[in-house]
Amino acid sequence: MSNLLRVAVSKQKRRYQKNGYDLDLAYITDNIVAMGFPSEKVEGVFRNPMKDVQRFLDQYHKDHFKVYNLCSERVYDHSKFYGRVGYYPFDDHNAPQFEMIDAFCRDVDAWMKEDSKNIAVIHCKAGKGRTGLMICCWLMYCGMWKNTEDSLRFYAALRTYNQKGVTIPSQIRYVGYFGRSIRESIKYVPRNVTLKKIVLRPLPKEINLSEVQFNISVGKNCVFNSKEHNMNVVISKKKKTVVDKNKKDPKKKLTKENSEKNIDSQQQQQSQSSLSQSQQGQSSPNMQSLSASGTISSGSNVGTVNGNTLHQLGGSQFSLSDLADGNTIGNDEYISFEIGALSLAGDIRIEFTNKQDDRMFMFWVNTSFVQQLEIIPKSGLDKAHKDKNHKAFPEDFHVELTFDQLDQQQSHTTVVASAEEQTNNQHYPQSSNNVATSSSHHDNITVVASDAPQNNNNNNNLNSSNSNNATTTTTKNNISLASSQSNPVQQESNPSTTTQVSEENSAPKVEAEKIENSNASANDSETSSNSSS
């Protein structure tokens, strides 16, 4: 029963199921292992039992393993792994501090160089997203892969059955950042920038924009909350006329939505009329425009600017503007939050919520990699990227971040790696049994990787010389994988998959297992997920 629970919890992740073990664990290379959290007590029933993980590592990699815990939400006594534990914590479904990635890679690098038998065992809670981010960065750090997308696809193929390895857009973006820093030999220095404006374009659906809120954090420290700051916020909406095709009279039949718009328009005209009689409002530097359908639920009118009514909500003001049909200049719908001048540096998280603080979407960016106009598409927004049917956000929805003029010299310092550093970075692909070659940057990737443990105690392979190899051919559309890690569920549903066990310590081999790449091609964030660059 416990084994069934573990398989259910691990979902599409590859498991180590041989030699008496059933662990949420996969060899990404000969010396890099990804696994789920080593758990105790009740949690050990459906996750990796701590005792089984200890026994596995002692049996196959005694004195030659170091465990890396990426969980910020849970820890364990480091003595359980003889004190050989690296701790690089960051929150689930979030990106790490950029400096932490480099520190992690240097730690693994130092450990690997101590002994050729040494392995790194890396885990978060599920052992997939955060774990994959760090492993993909390491694969580029050590020189095994140069391209971000190739590294992500390689990890996805070796860790999962459905090719969904690192799936959180912000985490993918940070793999891209790190890949760029490696390729361009960038010595990272946080850049100070000034955020001026955030634009959501087109307007999100199924939400009253008067309830849209957002906060901006540097790391975990919130530095701006829209609920506590007055802003100049503008909504631009198209005017639409609905015609009854039967009677051809636009006044005969209107949709509920447009009826509400007409009522709102009348209310605005009445408000403008009364205001013009009582007072003339002036343009305020702190305006706020917040309404999805033009409906103002509360507040009072304070004046007009360029023919648009200004409204008061709390301490803020906002304006509404309509775009006439056929307008060729700016003929789209958007909401613009003009923040003014917010100084930022380093890892930035921006989260949009509704009035009940339910998350709409969020994303992480690093100021050293942004453009002056940073455009993040829907596919690059955490949570919003899951809206495949475009119910909450239009298909072309995106976020625009406008920064003040950026000092490119301040962004980072470029250094040329020394001959010794270049040699060290080439150490792993040459010395490892894992060979990774890219025959075409965009078409085919052929990798040979081992998932079977080696008993470093007696320096003997547990398997025959070739039985532990997994050959993966990755194309733009699919991944063909021959792996020694078998999925019993898929074996039942795929009659073409065969498993052969030659002896007790031999790994079963799955021959020519075809796996559709349902994750398509991961977004290569090497250009900061920026469509403007």
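Here the Cβ of each residue, glycine as well, is placed from N, Cα and C on the backbone.
Taken from Swiss-Prot, the feature active site, phosphocysteine intermediate covers CYS124. Taking a C-beta cut-off of under 8 Å and a sequence gap of six or more, CYS124 (active site, phosphocysteine intermediate) has these contacts in its own chain: PHE37, ASN69, LEU70, CYS71, ASP92, ARG130, THR131.
Marked as compositional bias 'Low complexity' by Swiss-Prot: 265-298 (among others).
The annotation compositional bias 'Polar residues' is assigned in Swiss-Prot to 410-439 (among others).
Per Swiss-Prot, compositional bias 'Low complexity' is recorded for 455-478 (among others).
What Swiss-Prot records for 479-505 (among others) is compositional bias 'Polar residues'.
If you look up Swiss-Prot, you'll see 517-533 (among others) marked as compositional bias 'Low complexity'.
Annotation comment: Swiss-Prot describes 14-185 as domain 'Phosphatase tensin-type', evidence class sequence analysis.
Per Swiss-Prot, domain 'C2 tensin-type' is recorded for 271-406, and the stated evidence type is sequence analysis.
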So what's the average pLDDT for the domain 'C2 tensin-type' (271-406)?
71
DSSP, reduced to three states, assigns CYS124 (active site, phosphocysteine intermediate) to coil
